[in-house]
Amino acid sequence: MNIENEVHIENASESKREPKPPEGLLEDDTIYITTPYGKISLDGGRIQVKDSDGEIVASFPLEKVCTMNVFGSASVSTPLLKHCSDKEVVINYFTNFGKYFGSFVPSRNTIALVRRHQAGITKEKSLAICREIIHAKLQNSCVFLARKRVEVPSLLKELRDRSLHAVSVDSLRGIEGEAASIYFPMLSSSLPDEWRSDKRTRRPPRDELNALLSLTYTMVNTEVISALRQYNLDPFIGVMHVDRHGKPALALDLLEEFRPVFCDAFVARLINKRMITKDDFTQGSRLNDTAFKKYLGFYHDFMEESLKHPRFKYSVSRKKAIQIQAIIFRKAICGELKGYYPFIYAR
C-alpha cells in the first residue's frame, strides 16, 4: 500500500499555493481556519468562513470534518457549536503563532478513541516506534555532519545501525546517549572557533552555542506540541521519554528526528552567516531583547521555507513536515498504518 495515499497528504500540485497563508484548508478529516477576525458558521450542509468584510473565503462539507483548528481571532457561531456537539466534532483553538490554548470537546468525541489507542499502545509497538525515531535521529545527524563537510565517525554510523535492533527502550536510550556524546563535539567543530563548545549544557546553558540550541529546541518542540494537539494526540503520553508531570513526553519523542536537520541546521545557519553574533548576548548567555526579536523573525522564515520531503518527494514547509509526522504517528497507533514512518534523510 502506498503510504502517501494512506496518510492523505497534499500532492505536489496542491502544495503550490500563493505565498500568503491559506484562509482555510481541509486535510484528511481536519480543517484549519486562519482568517483574521473570521466568522465561522453553518450554511446548509457546509461550514462557511467569512472575513471581517463579510466575504466568503472558505467552505467545507460538514460530513467530512472531525476536527476544526481555529487560529487567531476567528469566532464560531452558536448553531455551528451545537452541530459540532451533536456530530462529535472537536474544535481546537490556537493563537496566531500556533500556541494551543484550549478546546471545545463534545461529551462524545474522536479524542477519546485516539487517546485510548495512545494509552493502550503495546510494549512491542512502542519499541518499534522508538527504534524508528532514534534511527532517524542518528541518520539525520550523520546527514547534517556530512552536509557540513565533517567526517562522520564510524561509531556514530554503527550506533545508528544498532538502533534498529535494540531489544528495549532502555537500550535505545543508551545508544542515543552514546551517540549524542560523539555528535555534539562534531557539531561544534563545524562552527567558527569562537563559537565552539566542549560539551552540551542545559538548565542553564553555559555558553552562547548551548543557549541558541536550547532556545531552538524549545521553539521547535512548541511546533510539535501544536501539531499533536491539531490531531487530538496527547503530547504528554510518550513512547520513549518518561512521563512526568508537566513534561510533554510525546512531543519530546517526535522532536528527536528533527533536532539535527531542523534545530541544529538553523543554529548553524545563524552562526555561520553571522545573523546572530556573540555581541547579541547578555553576560548570562541570553539573547538581548533586540536580538531575540531578530531571532524570532529568522526562525519564522526558516520554518516556513520549503524543502523537498524526503519520503513524499514534494515541497512542504518545515512546519508542515512536523504536522505530517503527527498524522503518521496517529495513524500508526490507531492501526491505519503498518508502522511509524519517521522524517529521515537517506543522505
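Every residue gets a Cβ built from N, Cα and C, even glycine.
Of the listed candidates (H165, H241), Swiss-Prot assigns H241 to the same Mn(2+) site as E176, E256. All protein chains shown were included, and the count of other CB atoms within 10 Å of the CB of E176 (Mn(2+) binding site) stands at 20. Over all protein chains present, the Cβ of E256 (Mn(2+) binding site) has 20 other Cβ atoms lying within 10 Å. The Mn(2+) site is defined by E176, H241, E256, and by the 8 Å test on Cβ atoms against their centroid, the other residues of the chain that qualify are C130, I133, I134, K137, L172, R173, M240, L252, D253, L255.
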